[in-house]
Amino acid sequence: MSEGATTAAHDVLLVGGGAAGLRAAIAIAETRPDLDVAVVSKVYPMRSHTVSAEGGAAGVMADDDSIEEHIYDTISGSDWLGDQDAIEAFVNEAPRELLQLEHWGCPWSRQDDGRIAVRAFGGMKKMRTWFAADKTGFHMLHALFQTSLKYRAVKRYDESFVTRLLVDEGRVYGVVSVELATGRIRAITAKAVVLATGGCGKVFPFTTNANINTGDGMALAYRAGAPLKDMEFVQYHPTGLPFTGILITEATRAEGGWLLNKDGYRYLQDYDLGTPTDKPTLRSMELGPRDRLSQAFVHEVEKGRTTDSPWGPIVHLDLRHLGAKLIDTKLPMVRELCLQYERIDPVTDLIPVRPVVHYMMGGVHTDIDGRAGLDGLYAAGETACVSINGANRLGSNSLPECLVFGARAGRAAAEDAAAAPAPPAAIAAQVSDETRRLEHLLARDTPLDDGVARIREELQTTMEDAAGIYRTGPSLEKGADTFQALRERVGAVGVRDTSPSFNTELVAALELENLIDIGECILRSGLAREESRGAHQRTDFPKRDDERFLVHHTVRRDHDGNPSVDRLPVTITRWPPGERTYGR
Amino acid sequence: MDDSIAMQVTRYRPDKNSQPVPVDYEVPLRTEWTVLDGLNHIKAEQDETLSFRWSCRMGICGSCGMNVNGEPRLTCATFLSDYAPGPVRVEPLANFPVVKDLIVDITDFMEKLPRVKPWIIRDDDVTEIDGEYIQTPEELEAYQQFSMCINCMLCYAACPVYGLDPDFVGPAAIALAERYDLDSRDRGSRERLDVLIEKEGVWGCTFVGECTSVCPKHVDPAGAIQRYKLKAAQESVKAFLLPKALRR
């Protein structure tokens, strides 16, 4: 790794090859074929975490549905923290994006007459969720990836890990990356950079997220001086499998599944979510929003009405009354996952489930075209916070979010790049600095009694204790204190693997730096928000407080390297803040 | 059940080893642990330098394919307890160059995939989208199985032909070509056949069928290859009998 860095140059660089990154790449290739576009990703694009999304993608399509209703559901789902101009644009453009995916071969499930089928989803008043059985993300990702192969102009750097953004006088000019196979350090310059690296679930110990979801894009932006936004809002999905944290899709409940406590009682009726009906009722009971369902679980634990398992308390998801035929057609992966990982069959057995960290509402602060807080920098998908999700995302809004804002960010970045100056000579010094830093990290001895895996585990546990489904000022403070000590250890830890080729320990050490920055931003933003809204529930401030906190929090790295929290108005256009009601 | 199990893991560092060497480890044996959990335990507790790919740990991203006791498997979907009392032998996928430890070089597949044009090809040029292409559940069913490929490379590791002739396009790429051919929205089968009819196309396959039996997603690449051979044979008869303009 010591021969210094090599350099490649492009017009637009996408960091991340999931739904948002690939959609952006195709948008650029289609609208500006004269531009040179490249995708850099730490995994092969078809391994990206989009692949794990199950239930579906929302877009107004059915005759009885309307744009207005999808907008309202999303705004109330966000607990009025979503920006209404962004939500309007999103809802308007989602159906077209989903149709575009259909034209690119996505195998959407169909009605008998061959038209697109839609299903119900949590917090949605109408059936508007497009689905490809329960492998929606997998099919969308492969359709996007395979379609992207058609555009030979799209250059790829597969299995390359980005370690730093190159910035000069407030403008981004590319990245430094490590090519994993060889360990070669490569500067990739670009006139515009789009971050699309997905979420940061690995900040927590128990998550549906893949191993790769370490908040890389958020941390890159943050360290380069761009603000993150709404980082205190972490979504717990109510139904993950114990031990593995594997997601059991909300579509199980949309198709009619029930959540039962240890007495076989549909406990959601006790939490202002409506009354049980045999057939699912939209915006009611099991089809309530994720924040409220995960919170109800905690109260069931407190009441002693959950079942103990080796992996903590659980409740049960009951699909038995749906029958094998429906499960095999509409939820085949759920059956596959249960058989494989729990050795139970949902056709005849109850599925043990518990809430699990699933999605980051916060992210890199952007405007409606993906513009982040530095010139030439863009972000889209879970990495970004536009914000359409506010304090709580509705299930099936995130896949179309990747498409709508991936395409928007791609187009805006392309226009920007076409007019932008060439990278200045000054960034060469940053490339050398970064090369030295990486070489130093590789050469550094690790303390005998410490290591990346150990620190990561302690960091994750700290986050769960400090910033779980319910938080308090003292729990967040304590977490922030522990982070000081963790940060020192991260600073001292080295890499025992000295080989240049495919150094996964080096990658894990770099990811750990990202996790600690992101975790700290979550804790600091959470401390600053002295109210309860959506997924951010403070038991010491149990009420929503629109007077003080109908604002976004931005968090920026100050001159001493500490997170500094600031406020930003929420865009309210036609929907004044109101009460969030479900099941009534 | 014993409380631990032996794992024999193939190690290879290009800068240190001239060839791969097996190394023995002992890991806890728990019913819910997969082979991948065992590897992660080794990496976290015994040797940080052990290198392997993994991501989703739910059998859908396709990263963690390895040979387990000689069989290509997704290690996140293969349980240690099924190999008790052990040892469990973990090697890199066969038929690929090894980069390091359990990581193989799949560049060859990534270069072959675009050659079969795995995307929708139309003869109309749609610029404005005003609705979906109609596709009935039966039409969807016709190609659905082939659309389940996760590119995990187990079929390449199992394929004796690919092992002997690296020019062979191989099972997953051919299955994906068939996935688009069978899609009612697609008009590109002729273009794909032109690629697969070449010497390195479908002809190498000797119908061993190992690709289909190792597929973790129940795709049938062997069936796809068989169908292409038939299409190719029909095509060569047509080529013999008809002037070019009349073929299709």
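Including glycine, each Cβ sits where the backbone N, Cα and C put it.
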Can you find which of A:HIS237, A:HIS365 TrEMBL lists as binding substrate at the same site as A:THR249, A:HIS358, A:ARG393? A:HIS237
Determine the Cβ neighbour count for A:VAL43 (FAD binding site): the number of other Cβ atoms within 10 Å of its Cβ. 25
Among the recorded positions A:HIS237, A:ARG290, A:HIS358, state which ones have a Cβ less than 8 Å from a Cβ of chain B, giving them in sequence order; state 'none' otherwise. none
The largest Cα to Cα distance in Å among the residues A:HIS237, A:THR249, A:HIS358, A:ARG393, listed in the record as binding substrate, is 15
What whole-number Å value do you get for the CA-CA distance of A:SER398 (FAD binding site) and A:HIS237 (substrate binding site)? 13
If one takes Cβ-Cβ under 8 Å and requires six or more residues beyond its ends, the residues near the region 'Disordered' (A:556-584) are 71-72, 75-77, 79-86, 88, 123, 222-223, 225-229, 272-275, 281, 283-285, 288-289, 292, 365, 373, 390, 517, 520-521, 524-525, 528, 546, 550
Reported mean pLDDT - the domain 'FAD-dependent oxidoreductase 2 FAD-binding' (A:11-399): 97
CA-CA, which of the recorded positions A:HIS237, A:THR249, A:ARG290, A:ARG393 lies nearest A:GLY16 (FAD binding site)? A:ARG393
What are the non-local neighbours of A:HIS358 (substrate binding site), defined as same-chain residues 6+ apart in sequence with CB under 8 A from its CB? A:GLY201, A:THR207, A:THR208, A:ASN209, A:GLN235, A:TYR236, A:HIS237, A:GLY240, A:LEU247, A:ARG290
C-alpha of A:ARG393 (substrate binding site) to C-alpha of A:GLY55 (FAD binding site): distance in Å? 14
